[in-house]
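According to TrEMBL:
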type     : residues : note
SITE     : ARG8     : site 'Important for substrate specificity'
ACT_SITE : ASP64    : active site, proton acceptor
SITE     : THR65    : site 'Important for substrate specificity'
SITE     : GLN149   : site 'Important for substrate specificity'
Amino acid sequence: MLASGSPRRRELLARLGVPFEVVVSGVDESSATPTAPELTVELAERKARAVAVLRPEDLILGSDTVVEVDGRILGKPASPAEALAMLRRLRGRTHRVVTGVVVLDAASGTLHGRAAVTAVTMRDVPDAELTAYVATGESMDAAGAYAIQGGAAAFVTAVDGELDTVIGLPTALVRELLATVGIALPVAAADADR
């Protein structure tokens, strides 16, 4: 059971060959948790527990992604103006993308979770390019206002860590967490090529 409506997470989990259903948790993603890794794991857990109420016998995967720059945590933008402000803050610099993942065995209550971190560097993107990107609407459904697997790929000059963490579901971490509950996944062709 995937506790997320993210199409990117569905795509990454499907690539692992995991059979799953999607139930959107509807969890409020605001929190007072101080660090990005703690925050993402907390939100992933809240999403998984919200779905566990509906599916008490299932194994549930929850995930959440944020961008961190200068100690400030950026989630999804609330408006195009906020998206543009986020992208301006990120351009010409390196920032961290943090994705928390939890696996919850709803029947037993057993929970395993951790965060993965990837550093991303953006070139100094001109305002005209940022404005055009925001106008596509793609920035509105992504932490930090950009989708690295989409049009924003042209903004990125370096990625230090797992690209899947930036997309929204670190597949290596998912494999590790599923193994802790006794699920070993076969190595898919896409994973073997990495």
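Cβ from N, Cα, C; glycine included.
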Distance, GLN149 (site 'Important for substrate specificity') to ARG8 (site 'Important for substrate specificity') (CA atoms, angstrom)
9
Cα-Cα, THR65 (site 'Important for substrate specificity') versus GLN149 (site 'Important for substrate specificity'), nearest Å, comes out at 15
From the Cα of ASP64 (active site, proton acceptor) across to the Cα of GLN149 (site 'Important for substrate specificity'), what is the distance in angstrom?
17
Determine the Cβ neighbour count for ASP64 (active site, proton acceptor): the number of other Cβ atoms within 10 Å of its Cβ.
30
Looking only at Cβ atoms, how many others are within 10 Å of the one on THR65 (site 'Important for substrate specificity')?
30
Can you tell which of ARG8, GLN149 has the least company, meaning the fewest other C-beta atoms within 10 angstroms of its C-beta, among these recorded sites?
GLN149
Assigned conformation of GLN149 (site 'Important for substrate specificity') - DSSP reduced to three states:
coil
Hey, does DSSP put THR65 (site 'Important for substrate specificity') in a helix, a strand, or just coil?
strand
